[in-house]
Amino acid sequence: MTDDKTRDRIYAQRQDRIDSFVFDQRVAAVFPDMISRSVPGYASIIGMIGILAKKHAVRGSNLYDLGCSLGAATVSMGREVVQRDCRLVAVDNASAMLEKAEEQFVRHDLPPVQTLCCDIRDVTVSNASVVVLNFTLQFLPVEERLTLLRNIRAGMLDDGVLILSEKISGADEQEDELLIELHHAFKRANGYSDLEISQKRASLEEVLVPETIAIHRARLAEAGFSRVDLWFQCFNFVSFVARP
Ligand code: GEK
């Protein structure tokens with residue numbers, strides 16, 4: 001259960017004007033509640049990121065969490081690789097989010113975590129056995145996504161993995177409508193009102209740009225990933241494992 005301060009009620013009151021969504025202090029304060037009531041399978045995905053990290057983390061390598069928010073994926077990976085002399089790198093350009101992530105990292109007994117408050121497009125990925133983009137690529141302008149994936153690929157070890165989770169659009173209009181309808185029903189079942197759902201949707205317009213599975217697969221191939229497997233899907237939320 002969440003108390004009043006940690007319950008997401010950001011869009012509960014009717015707003016005259018809907019501003020574009022930003023990851024500020026208000027969002028950081030309610031983020032765990034917001035993401036778990038909005039993204040189906042979020043807790044499972046976070047848990048599986050740890051399990052994938054355990055399988056693929058190479059001794060002495062770096063593990064990246066790009067767009068880490070409050071650091072849930074970093075914590076999940078860190079717990080699984082404690083003995084492996086790995087370094088965790090957690091990156092987010094929203095200081096309100098990263099400050100809270102840093103509190104989490106202190107609270108858990110993790111390998112060293114380097115936190116970077118910067119744009120993920122400015123990070124040089126190197127010696128990476130695991131790279132996580134858990135619902136982050138969707139916030140970059142579409143035309144900048146390939147360059148980021150190429151940079152990630154260039155800094156990855158040959159047997160490393162990229163875990164890419166995204167909100168997607170359906171392959172055609174009919175599928176898209178179905179996935180959105182089911183997602184909204186999921187949010188309603190989790191206590192969001194129709195007003196909250198529609199105002200949040202408006203705030204994310206042009207901020208979060210979803211693409212189809214086919215587009216993601218083609219871009220990952222173009223960026224130099226030789227194998228892409230879809231390991232999770234629930235409605236319009238998916239996660240891929242991509243390998244060099
Ligand atoms: C989780 N991965 O809990 N550079 C750096 N950070 C960025 C950028 C950018 N260009 N664009 C967006 N972000 C997390 C969840 S949330 C997903 C990720 C969501 C950051 C942004 O500040 C936010 O913290 C995160 O990416 C997206 O596993 O809220 O839907």
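Here the Cβ of each residue, glycine as well, is placed from N, Cα and C on the backbone.
Keep in mind that TrEMBL annotations are predicted by a computer and have not been checked by a curator.
Quick look at what TrEMBL annotates:
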BINDING   Tyr42, Gly67, Cys68, Ser69, Asp92, Asn93, Asp119, Ile120, Asn134, Arg201  S-adenosyl-L-methionine binding site
DOMAIN    65-154  domain 'Methyltransferase'
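Structural mapping of features recorded in TrEMBL.
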residue	record	DSSP class
Tyr42	S-adenosyl-L-methionine binding site	helix
Cys68	S-adenosyl-L-methionine binding site	coil
Asp92	S-adenosyl-L-methionine binding site	coil
Asp119	S-adenosyl-L-methionine binding site	coil
Asn134	S-adenosyl-L-methionine binding site	strand
- Candidates Tyr42, Asp92, Asp119, Asn134 (binding-site residues) with CB under 6 Å from ligand 1, in sequence order, are Asp92, Asp119, Asn134
- Its Cβ having more other Cβ atoms within 10 Å than any other among the binding-site residues Asp92, Asp119, the winner is Asp92
- Message: Pairwise over Tyr42, Gly67, Cys68, Ser69, Asp92, Asn93, Asp119, Ile120, Asn134, Arg201, annotated as binding S-adenosyl-L-methionine, what's the top Cα to Cα distance to the nearest Å?
- Response: 24
- Task: Return the single residue from the binding-site residues list (Tyr42, Cys68, Asn134) that has the minimum number of other CB atoms within 10 Å.
- Result: Tyr42
